[in-house]
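Here the structure comes first, spelled out in structure tokens, and everything after it is commentary.
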């Protein structure tokens, strides 16, 4: 199977996972990226079975609205039973690197609200050690140089993502040359640097379910109980 076919398979698997649980008044959390886009297209056929969605990016919001799915402000929503989104890397603990699409802050906020985070990814995203994919860090523009210097002290090689302004009006540093063996600790350490909005490690609050597209079919993994 091609990578696109694997993405399509996991998008379908995510739809199959949530369909039995949909209710008329339910609002879903929807992520950003190529796999999330496929999921939104599949979800559109079932838009009458739930109330609407909260989205992690303007791009996803426009796609949802284009399908006639209402999009809500998270501040008006009391609960999100499910959040469905992709990842740039995932390890065995369901710790993730996200943010290749520069939507990491909104993704992390929605993840914090959601009861269950369902991550959908193809097998190329499955890694033993996080960090081959550059770790995005969203920063307040005036703090970019300061944050970059602090990241160098941690062993990373930060590169300013040119011509990228996030939906929050911030900038992205992509951090190379990291082998991340303690993702929760690094996530907390980076977030404590003045000027960092957040970083793309999802380890303090990892995925609950990983639907991984492989050549042998979709593999379902669950986060270990604390």
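The backbone N, Cα and C atoms fix where each Cβ goes, glycine too.
Small disclaimer: the values here were computed from a predicted structure and weren't measured.
All protein chains included, residue 107 (active site, proton acceptor) registers 30 other Cβ atoms within 10 Å of its own Cβ. Residues or ranges marked as active site, proton acceptor by Swiss-Prot: 107.
Per Swiss-Prot, substrate binding site is recorded for 32, 33, 34, 35, 85, 86, 87, 88, 98, 99, 100, 101, 125. In the three-state DSSP scheme, residue 87 (substrate binding site) is classed as coil. For residue 87 (substrate binding site), applying a Cβ distance below 8 Å and a minimum sequence separation of six or more within one chain yields 96, 97, 98, 119, 121, 125, 202, 207.
Here the C-alpha separation of residue 107 (active site, proton acceptor) and residue 85 (substrate binding site) works out to 8 Å. Residues 32, 33, 34, 35, 85, 86, 87, 88, 98, 99, 100, 101, 125 make up the record's substrate site, and a Cβ search at 8 Å around their centroid adds 31, 36, 121 from the same chain.
Among the residues the record lists as binding substrate, namely 32, 33, 34, 35, 85, 86, 87, 88, 98, 99, 100, 101, 125, the two farthest apart have Cα atoms separated by 16 Å.
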